[in-house]
Amino acid sequence: MCGIVGAVAQRDVAEILVQGLRRLEYRGYDSAGVAVVDSDKQLTRLRRLGKVQELADAVEAAQVAGGTGIAHTRWATHGEPSEINAHPHISGDITVVHNGIIENHEMLRTMLQDRGYVFTSQTDTEVIAHLVEWELRSASSLLEAVQTTVKQLTGAYGTVVMDRNDPSRLVVARSGSPIVIGFGIGENFLASDQLALLNVTRRFMYLEEGDVAEMTRRDVRVFDALGQPVQREISESNLEHDAADKGHYRHYMQKEIFEQPKALINTMEGRITHDCVVVESIGVHAAEILAKVEHVQIVACGTSYNAGMTARYWFESLAGVSCDVEIASEFRYRKFVTRPNSLLITLSQSGETADTLAALRLAKEKGYMAAMTICNVAGSSLVRESDFAFMTRAGTEIGVASTKAFTTQLVTLLMLVTALGKQQQRIGRELEAEIVHALHQLPKQIETALSFEKQIETLAEDFADKHHTLFLGRGEYYPIAVEASLKLKEISYIHAEAYAAGELKHGPLALIDADMPVVVVAPSNELLEKLKSNIEEVRARGGLLYVFADEVAGFEADETMKIIAMPHVSEIVAPIYYTIPMQLLSYHVALIKGTDVDQPRNLAKAVTVE
């Protein structure tokens with residue numbers, strides 16, 4: 001959720017650190033700070049509440065110099081957003097930044113206070129700084145002091161430690177919060193996300209759970225949780241250097257909405273032919289595993305959970321395999337029964353979602369036949385810890401409100417469903433060809449849906465002064481309605497809820513009045529007539545109806561109901577297609593309201609703490 005950047009170089013690194021923080025702004029934060037030490041052991045620390053730009057201005061004004069440094073953007077967990085609580089934190093000659101939550105910080109704080117340490121902040125991070133300072137008194141090196149310190153910590157952390165008396169190195173530890181090391185020429189870097197470092201290196205190494213690493217200009221040494229030296233794989237990043245550039249778009253979210261046709265094409269490339277799904281593209285042993293699957297368990301959070309809810313309909317109606325979908329933070333604390341030959345699927349854009357990772361680790365102890373992840377970040381923790389990964393190829397998604405990651409997850413899930421049904425001979429060649437044809441057509445159809453932006457922009461004016469909105473859908477369009485309500489509440493701060501339309505009379509009808517917009521997802525399918533009855537229930541109570549309807553569905557607009565006629569598409573991919581106007585609606589409502597579209601208040605892109 002927070003962002004970390006570190007560097008050891010011959011050149012001044014303050015600008016590199018601040019630029020790295022800029023590239024991590026999408027993760028969400030409330031304050032930022034930087035600390036740099038020079039060859040004369042002079043330490044400069046600057047912290048600011050608010051945007052990274054305020055920190056950048058302070059760094060420029062102070063003319064910060066030095067070749068070793070760490071920087072951080074904070075998203076408050078312990079202690080209010082303030083300059084005092086902002087990182088880095090200092091204890092004597094030790095400076096620390098930290099992502100995560102130290103669960104036993106109160107006990108450690110009491111112990112350290114008994115030793116005479118005075119705390120200046122409300123954060124859990126400050127206990128790390130004091131602990132390292134204490135351990136360094138008897139340790140032979142900073143590395144040893146950090147190794148001893150992390151053994152005393154309970155919780156999640158990605159933490160970097162700098163010693164003013166030894167400006168040639170940084171020591172970093174990782175448990176439950178991602179850290180990547182970037183390799184330069186005569187200089188090395190680290191960050192919580194490789195995106196922060198793409199302007200200085202393309203060669204990266206991800207630390208594993210429990211790793212502690214010592215980084216100098218010329219060398220990186222990694223030790224596992226037992227203190228044994230280990231080698232971790234170094235790989236070349238294929239992320240685009242300009243991924244953090246908005247181009248001509250006003251916001252990252254708008255850019256990412258319009259990148260969806262290309263993202264879907266990239267996600268399908270090499271995985272479908274003109275008439276079939278290439279099962280081998282899912283994984284080396286995918287054909288063998290999918291042939292044995294009797295049950296699918298999907299675990300995810302937020303938007304990824306909504307993608308899983310949509311896929312449940314496909315697994316059961318197309319592939320004939322039972323499927324359960326559960327929120328990761330609930331799944332991991334529930335006593336559950338693992339069904340025979342059950343495949344676990346985790347969904348995550350970042351691959352670092354704390355609850356989803358914890359659910360995966362729990363599930364691996366519970367007898368699932370295999371653990372698969374659908375993820376957008378190669379090298380992430382979910383990818384490394386799963387048995388196999390089916391990657392989305394959405395490209396870097398910076399807007400906090402997920403758009404292209406969601407639709408590429410849906411396309412990936414539909415390809416997986418087709419492969420599973422094919423391997424179990426429940427999807428024949430004719431149906432497989434129909435699904436694949438629909439997938440091939442989808443990018444062009446989404447381009448058509450994007451052309452509705454002006455119409456939806458006008459429609460958005462009706463929502464901007466409302467306090468509540470209700471979304472309705474039936475069948476596989478109910479999760480699409482849920483996702484639409486999530487988008488609206490995330491970025492416009494309008495309270496929005498979604499219901500299966502058949503549930504209206506079981507409570508939500510009590511909310512309907514002339515100030516409650518009701519948005520309906522209305523494709524032409526076997527539930528259309530029942531959906532029309534639900535719409536009439538809203539109409540009879542004076543509700544404001546906005547119906548996104550298939551052009552062949554037979555709706556007619558009047559003073560109580562506005563119709564957005566959507567071109568007819570294959571029923572198989574229609575849930576993906578109807579997502580697009582919902583994204584545009586949320587975006588333009590937020591735009592009218594003047595909210596921070598890309599960085600909504602209180603939210604972060606990657607939720608790496610529980």
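Cβ coordinates come from backbone N, Cα and C, glycine included.
What Swiss-Prot records for CYS2 is active site, nucleophile. There are 29 other CB atoms within 10 A of the CB of CYS2 (active site, nucleophile), with all protein chains counted.
Taken from Swiss-Prot, the feature domain 'Glutamine amidotransferase type-2' applies to 2-218, supported by sequence analysis.
Residue counts for the domain 'SIS 1' (286-426) under DSSP (helix as H, G, I; strand as E, B; rest coil) come to 62 helix, 29 strand, 50 coil. Marked as domain 'SIS 1' by Swiss-Prot: 286-426.
Sequence annotations record features per position, and here Swiss-Prot assigns domain 'SIS 2' to 459-600. Per DSSP, the domain 'SIS 2' (459-600) is made up of 63 helix, 32 strand, 47 coil.
If you look up Swiss-Prot, you'll see LYS605 marked as active site, for Fru-6P isomerization activity, on the strength of sequence analysis.
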Per-residue pLDDT averaged over the domain 'SIS 1' (286-426), given as an integer: 94
Where CYS2 (active site, nucleophile) falls in three-state DSSP terms: coil
